[in-house]
């Protein structure tokens, strides 16, 4: 039952990554990201509660759950929304590859990650293999999202999705990395996000747009 | 010792904000850099005596210094000290010309100390997770340094740097997660210790090799992005060319080595677990040759002298990767030696470009003529540095490249050796063709005054020139012993 | 023989009884979210009784196809429903049932409707039938992959519902395998497209630029319209039943009829709420965006296929 629930939630995360790629509007990127983070929070809660039941001691993943809820579900989407409202919006069509094509590419990416993970003989636990496939696919999908969008905001969202995939992998394969590492990771990535946000404003003020296509002075 | 390493840059990063006098700020930073250098020399001595430095108490499983980390720490501290000295000259001139304000200067010093802090953290830790955090933090600290001038091209460079490095390094995190997973299933769950490379290296045979293989690929791609290996190198020329010159020399001389250090640590674990260096070696050789080849091609088409130097950094990281990939004692010694040589020579070159830029106000090669006549010391240092970096004797780079090629031949990697020589020749040709235009002749621009800008810049260049030449003919005995130790650690023989 | 006829009759009665309910639930749910009181959950029943009482208005140029189509549409949907298991031990056509038959029954009904819409020669009819065919063609690949995956999961790889049914009876514990969840999600999207719901089609508007299904049945009135509406409700129920009983077989192996039926209704309600949530959170797509929607369904079903084969 526990693994069934985790399976369900992680699959939903994968599906939300797909629907992110099928989305066209900035605001729906943000709300899809929020949905995905909420799923991640659910997974972390499940993992920590189960660990607490098994060991009858406080589990550190619970702290991660709170951090995810506070930052990823509430603060970051809100900050993204206000950023998206404050920068100018001029890009008509936000993607390089049309949606059906990119969906099929993403399907290929999932198959690729399946192929890679499935051929590791060392992972004997089938559930772990599953989870690794999902989290690796989420990472690849986030990467593809970053490549396929023109706007700086889209790239930040892609980065955040990659991050979600990382946390998914860390949580489900090893039941959480050591606490210091995990906290460090979280605040590192949070800082990365804030710095990216600052750069979005800088790009907007110097290039008068957040279209990344305009950033092509440097070549070769 | 460890706390000193981390405390010095952290304190200086805060301290520069407290003062309003620019001279005091300059010297606060210089004093910090000097203290860091002294600490690293002390660490070298300590490591020479007792092989390693351990920490007690709560951070027992986090901090650990052995010969390899002490060696790269020393390079970092030395380069940072020299760059700090040069910063007085460079940013002093910028301040005089009102290009930057005092608060910008404080920002620079604060961020460069944070940058050094994160690199020192990456080098003093034994925990792969903390190392990842520190290497990601280097990106964050230096993103604003790359975009320091806030103009279109520097913001573009900073954005590319931030995005490509953050995403690339995310793959390294996946690799580290897999590494941790293999340690939990092979050695049981022991939280922090399970991520320590020291512990993993000791118990490498208990780890599952198929997981380690895939984890090495991820880590190679992730940290390799930061190192600047070829398909992932695109951020590097932009960031190096758009950053202020002191930052460029820190990026090229120190940051790339730190990222390479991460790869080295994982490499020795994987090698020990697989009982052969074939797997990691082939991957590193492939990436190394690809990087050198890319650099050889792109050097020819550049119009910006800092970009040429950036491509040269890619090339040299490729050479180090080849040295590691061959994985014989000679080649690894050569790779370590090359790390030092490259750091010093490239710092010298970037510092020279700083002077050139301040004088000519252009980064275009076509805008610079008669450099030797206009700025005698900088011109000669730049000229000799260009020869040194392309591998001319009697400089240190020649010695280490020679050793790398020799090691390739001894280990029967004839194809590698041949390709390496061809690419090196191509890079040399490219350098001569491109850079040659800058040095000779006389400049027609009458408004340009002949002579150096001040005395500090040339002084730093002369120190670096001396180091570079000295490394070509003589390695001090303690350093050599240290490098031998480090070689053994990488090969998985000695260390403890 | 007598027993199976009895079962058939029970199943038809259940179907007719509960089919319109779920549309009512979705409407009520939307109304609540929009702070309206909304019509009663049973409003579709009242609408149907009203329509049955009304007179027919038939175009003078219409041929027999026009008059026959509503009955064919209704009968095919009902027959499809009879193929499916509702509660353990109750299947209408217990002698021969096949998932492909379900799909082809729908295709048959749809062809008649499209022809009938063309029959009267009105502009809207032609437009509606061409659009309806487009939508159905777009989601068809996803539907077939779902069916193939379900059938391939049984040991003898059969599309026969009886075999699937037997397989389910012993494997009800596997309700939340990745494959089931992915196929469930895909089928949810197919359901939305096939039964003309938002975001693919809006059953509540009659705007010539956007309507798909409504354009096709615009000419119909009275008894004919009632049969078409009822057919659509049943079609919706068929997809929901596939989702509830075949894709998420949890709680299906219950020999107690009343309890089994309760669980079945509960699952249908959950699916209804999911459909309602999708409707509430999206806006109607342009016609040219429907391929994107169909591709999502396709990709999810392909993923389900892969995980189903690789990880079983």
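A Cβ is built for glycine as well, from the same backbone N, Cα and C atoms used for every other residue.
Summarising the annotation, TrEMBL assigns domain 'NADH:quinone oxidoreductase/Mrp antiporter transmembrane' to B:127-419.
Positions annotated as transmembrane segment by TrEMBL: B:28-47 (among others).
Annotation source TrEMBL lists transmembrane segment at B:68-87 (among others).
As annotated by TrEMBL, transmembrane segment applies to B:107-123 (among others).
Residues annotated as transmembrane segment in TrEMBL: B:130-149 (among others).
Sequence annotations record features per position, and here TrEMBL assigns transmembrane segment to B:161-181 (among others).
Residues annotated as transmembrane segment in TrEMBL: B:211-229 (among others).
If you look up TrEMBL, you'll see B:249-267 (among others) marked as transmembrane segment. Same-chain residues lying 6+ beyond the ends of the transmembrane segment (B:249-267) with a Cβ under 8 Å from its Cβ atoms: 68-69, 72, 75-76, 79-80, 83, 86, 112, 115-116, 119, 122-123, 128, 131-132, 135, 138, 142, 146, 172, 175, 179, 197, 215-216, 219-220, 223-224, 226-228, 239-240, 243, 280, 284, 309-310, 313, 317, 320-321, 324, 339, 342-344, 346-347, 349-351, 354, 490.
For the transmembrane segment (B:279-299), the list of distant contacts is 213, 216-217, 220, 224, 228-231, 233, 237, 263, 267, 270-271, 308, 311-312, 314-315, 317-322, 324-327, 413, 416, 419-420, 423-424, 426-427, 430-431, 434: same-chain residues at least six beyond its ends, Cβ to Cβ under 8 Å. As annotated by TrEMBL, transmembrane segment applies to B:279-299 (among others).
TrEMBL lists B:319-340 (among others) with the feature transmembrane segment.
Within the same chain, residues 309, 312, 316, 342, 345-346, 348-349, 352-353, 355-356, 359, 399, 401-402, 424, 427-428, 431-432, 435, 438-440, 442-443, 448, 450-452, 457-458, 461-462, 464-465, 468, 472 sit at least 6 positions outside the transmembrane segment (B:371-393) and bring their C-beta atoms closer than 8 Å to a C-beta of that stretch. The transmembrane segment feature in TrEMBL is assigned to B:371-393 (among others).
As annotated by TrEMBL, transmembrane segment applies to B:413-432 (among others).
The transmembrane segment annotation in TrEMBL covers B:453-475 (among others).
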Recorded stretch, among B:28-47, B:130-149, B:161-181, B:319-340, maximising Cβ pairs under 8 Å relative to the transmembrane segment (B:68-87): B:28-47
Close approaches to the transmembrane segment (B:211-229) from elsewhere in its chain (Cβ under 8 angstroms; 6 or more beyond its ends): 135, 138-139, 164-165, 167-176, 178-179, 181-182, 235-236, 255-256, 259-260, 262-263, 266-267, 269-270, 273-274, 279-280, 283-284, 287-288, 290-291, 313-314, 317-318, 321
